[in-house]
Amino acid sequence: MTRRWNNPLRDPRDKRLPRIAGPSSLVIFGVTGDLSRKKLMPAIYDLAHRGLLPAGFSLIGFARREWEHQDFGEQVHDAVAEHARTPFREAVWNRLSEGIRFVQGSFDDDDAFDRLAQTVKDLDAERGTGGNTAFYLSIPPWAFPVVTKQLARCGLAESTDDVWRRVVIEKPFGHDLASAKELNAIVNDVFPEESVFRIDHYLGKETVQNILALRFANQMFEPIWNANYVDHVQITMAEDIGLGGRAGYYEGIGAARDVIQNHLLQLLAFTAMEEPVSFEPNALRAEKVKVLGATKPVRPFDETTARGQYAGGWQGGKKVPGLLQEAGFPKDSTTETYAAVTLEVQNRRWAGVPFYLRSGKRLGRRVTEVAVVFKRAPHLPFDSTSTEELGQNALVIRVQPDEGVTMRFGSKVPGTTMEVRDVTMDFGYGHAFTESSPEAYERLILDVLLGEPSLFPVNEEVELSWRILDPVLEHWAKSGSAPEQYPPGSWGPGSADEMLTRSGRHWRRP
Ligand SMILES: NC(=O)c1ccc[n+]([C@@H]2O[C@H](COP(=O)([O-])OP(=O)(O)OC[C@H]3O[C@@H](n4cnc5c(N)ncnc54)[C@H](OP(=O)(O)O)[C@@H]3O)[C@@H](O)[C@H]2O)c1
């Protein structure tokens, strides 16, 4: 008797089956860049290693270097060997490398784009890609419009009933509401919205998707997930490194534009949104749009926001420069390396609950987390000395590192008296599951090839996020003051602490 599940392609329990991409190719613009080397090319190999790419999958690199196909192949090989998550296997690499091509040229070079169009066509004939192509713009933001226009000019942007064309756009998507609208208009003029995949790599992280599982697959959290029980929410993205070597990207951008506008507001949306009617992309995005539309910055900004810049000093036993001493930053740079804002979600569920969002460089530790901090119990039937070390209950979703969830609650201290103190209960992905989480870019690139848009913010979400942040950015720009200096390895400027102590709260020290 033939057992059907002997063939993995036929095994109904094989969860890969519906997730293997169909015939397609991926064009990466900016292949010589940091992102491509460290994240994109390794992610493509990892997908190949996991058997999730189609047989004739092809990868085309586009850059200015005078490379041959083979030189590009070597670059991909080295990037994969150094950064891939899964082990290097010669057989996987050989199969992948057969489909690697390189097109040399710059973004204003019409001939180069014509050659690219020909390469896409040739690959279809040689390898059966079906002409289905995703164009990954891993390039400086000024180049987004010129590349999308070039793709339109040489006929690469148009999908038909049989052939799909998609564009993948990296952050930053604009630097304020007006520029984001302008960019959306340029991109949507060439690609219809369903063909635009804006990357917010946080949404590719297991732990971020787990916010939805935690909330909507369980019964015990949702009843208390509202203003009746929640005191406030803190969303933190802290990094312990500085900005050495990144002045070109970061100067004039700052922490608020770099991560609050995208990653942290998406975390807020997942945390605060209503249950979608289903996990269909449109249903999920509709709820995110609704919650972002209800989110407003709390005023007055001098009291509800803070910004800082790391000073030079000692961190982890090493002397480190301040931002103003980092190469490429002007000596009078007012770019903030720390930003904190207070937001309110103005709907029935969340009215009156502050959402504090903060992000900074050269802080005490690298951590990203969402902490839902609950109100105190309305009555404590203990004498006050028994509970003086009791804090507030909290549910903390650790996005990275040590991915997991921690619950903090009060517990009796062993002994003859009724003393109550905080304890924590911990779920760690590393302990609970044997399989390691895929990298965010693995998930997202596969979703692009599958045409699965759930984890990509739509134009409306991007614009709403800028609408939330713009008034704060304008206030900071008008204030004319420099961001407050903070010591490396600390938890940011004093004004950030004051921002919370005014209401009797304090930041977590993760
Ligand atoms: N690095 C990260 O971790 C990260 C994280 C999130 C988002 N992003 C975003 O991802 C994108 C790429 O970032 P990155 O760090 O990889 O940038 P990068 O290291 O500066 O690389 C930029 C790439 O664009 C190419 N390029 C620039 N001008 C060109 C032109 N006129 N014609 C042809 N190619 C040109 C460069 O090629 P040449 O070698 O020819 O100069 C290079 O490959 C940016 O939008 C960035 O904001 C990056």
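Along the chain as shown, residues are numbered 1 onward.
Yeah, the Cβs are placed from backbone N, Cα and C, and that goes for glycine too.
Positions annotated as active site, proton acceptor by TrEMBL: H263. Take the CB of H263 (active site, proton acceptor) and look out to 10 A: across all protein chains shown you find 23 other CB atoms.
The NADP(+) binding site annotation in TrEMBL covers R64, K171. Counting only residues at least six positions away in the same chain, the Cβ atoms of T32, Q104, G105, S106 sit under 8 Å from the Cβ of R64 (NADP(+) binding site).
TrEMBL lists H201, K205, E239, D258, K361 with the feature substrate binding site. Counting Cβ atoms from all protein chains shown, K205 (substrate binding site) has 23 others lying within 10 Å of its own Cβ.
The feature domain 'Glucose-6-phosphate dehydrogenase NAD-binding' is assigned by TrEMBL to 27-210.
Model confidence over the domain 'Glucose-6-phosphate dehydrogenase C-terminal' (212-508) is summarised by a mean pLDDT of 95. TrEMBL lists 212-508 with the feature domain 'Glucose-6-phosphate dehydrogenase C-terminal'.
Here TrEMBL flags 479-510 as region 'Disordered'.
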Binding-site residues listed as E239, D258, least Cβ neighbours within 10 Å: E239
Pairwise C-alpha maximum, in angstrom, for the residues (H201, K205, E239, D258, K361) that bind substrate according to the record: 21
Around the Cβ of K171 (NADP(+) binding site), the count of other Cβ atoms that are within 10 Å: 18
Per-residue Cβ crowding (10 Å cut-off), top of binding-site residues H201, K361: K361
DSSP-assigned states of the region 'Disordered' (479-510) in counts, ordered helix, strand, coil: 9 helix, 4 strand, 19 coil
Three-class DSSP secondary structure - H201 (substrate binding site): helix
Nearest-integer angstrom distance between the alpha carbons (Cα) of K205 (substrate binding site) and H263 (active site, proton acceptor): 11
